[in-house]
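Trainee: Residues or ranges marked as region 'Cytochrome b' in Swiss-Prot: 1-143. The annotation topological domain 'Mitochondrial matrix' is assigned in Swiss-Prot to 1-31, 106-115, 175-423. The transmembrane segment feature in Swiss-Prot is assigned to 32-52, 85-105, 116-136, 154-174. The region 'Maturase' annotation in Swiss-Prot covers 144-423.
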Amino acid sequence: MAFRKSNVYLSLVNSYIIDSPQPSSINYWWNMGSLLGLCLVIQIVTGIFMAMHYSSNIELAFSSVEHIMRDVHNGYILRYLHANGASFFFMVMFMHMAKGLYYGSYRSPRVTLWNVGVIIFILTIATAFLGYCCVYGQMSHWGNMNIASNMFNMMKTIYMMMLMLLIYIFYTIMMRQMMKTKEYTMLIKSMDYINKNKYMINLNMTNKKDMNNNIGPLNMNILSIIYGSMLGDGHAEKRKGGKGTRIVFQQEYCNINYLYYLHSLLANLGYCNTNLPLIKTRLGKKGKIRQYLKFNTWTYDSFNMIYSEWYIKNMSGKGNIKVIPKSLDNYLTPLALAIWIMDDGCKLGKGLKFTTNCFSYKDVQYLTYLLHNKYNIKSTITKGNKENTQFVIYVWKESMPILTKIVSPYIIPSMKYKLGNYL
């Protein structure tokens with residue numbers, strides 16, 4: 001192993017600068033974060049040096065500012081850097097927030113990260129406001145005594161008004177609406193539905209494992225692709241020594257266009273090499289030679305949590321059993337649903353079917369519950385064989401228009417036949 005990777009300190013530099021796995025779809029908007037760090041360093045350094053010469057005494061404040069401008073070596077540069085650096089700080093911060101809004105960084109699984117950013121933004125505003133309260137800094141003594149106090153009083157007033165508004169909305173309007181006949185009927189129906197499905201809901205709520213804090217370099221796109229494929233023929237491989245996990249994708253030769261599409265998605269996100277998967281052969285049933293394609297992602301430590309979610313120990317023998325993770329409701333996005341259809345779906349009459357070979361009946365029940373609860377897609381379950389090792393999910397033809405509308409933006413041309421005449 002190279003010294004830059006084995007050394008404790010150099011490995012940090014290596015992982016962030018040299019071998020940093022960045023997706024190829026990244027653009028210049030991602031420079032805003034580092035520019036914010038640069039602005040912060042400038043503000044801290046210039047602020048510390050100016051604080052060495054500034055006096056907050058009302059009789060000395062103005063003189064100390066003039067002292068910084070005239071007597072301190074390059075003091076005027078420090079003052080102008082600090083004043084204009086604050087303006088650039090907020091300009092870059094607003095651009096950083098605009099980038100996050102444009103790319104949907106506030107959505108799951110980045111909700112917590114966005115909330116922390118909002119808190120940092122509010123603290124930055126408060127810190128900058130304290131700078132304006134410095135005597136004879138950027139504000140006169142009169143402004144300091146009057147405007148500052150008025151600002152704080154206004155904040156208290158806004159807080160009380162928002163609190164009263166929230167109380168009015170949540171306790172008045174919603175309670176009135178609840179008593180209307182239509183909403184009341186919907187509530188009774190919802191309670192009846194929950195009563196009938198309380199086992200599945202309880203299983204979901206009690207066993208759900210939150211993965212949002214363990215994602216690492218992942219994002220919703222890569223998780224949607226992986227989870228959608230894992231519902232079909234994809235699987236996760238834990239590397240020897242527990243040093244990481246890779247995701248393996250495999251398809252028959254007849255689905256070559258779909259596998260190339262899947263490979264291009266992952267390659268563009270930077271999770272696998274750009275070489276096209278090669279055609280391989282294997283011995284099928286009755287000695288028939290079958291052609292297939294296969295590729296895998298790089299090995300990542302952050303994929304370990306995906307493995308732990310999808311696999312449990314086999315109590316009756318060696319190896320692990322593939323299961324449906326209880327956190328799937330967070331990641332069964334339209335993209336994941338489209339990947340599952342292209343990976344494992346099959347047109348049947350005016351409907352669609354999914355054949356599951358790895359999951360138990362309870363897992364398949366949970367899948368149908370998610371389809372109905374998340375997208376209002378109705379389906380039924382039947383046994384695929386006598387050994388109860390295979391179950392088939394049939395999507396009703398009444399739900400096909402809904403399903404088609406959800407997944408159509410992600411279905412490639414060679415797979416549109418699976419949706420029949422609805423597309």
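Quick reminder: no glycine exception, Cβ is built from N, Cα and C everywhere.
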Trainee: DSSP says what for the topological domain 'Mitochondrial matrix' (106-115): how many helix, strand, coil residues?
Mentor: 5 helix, 0 strand, 5 coil
Trainee: DSSP says what for the region 'Cytochrome b' (1-143): how many helix, strand, coil residues?
Mentor: 102 helix, 2 strand, 39 coil
Trainee: Limited to the region 'Cytochrome b' (1-143), I'd like the whole-number average of pLDDT.
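Mentor: Averaging the confidence scores along the region 'Cytochrome b' (1-143) gives 84.
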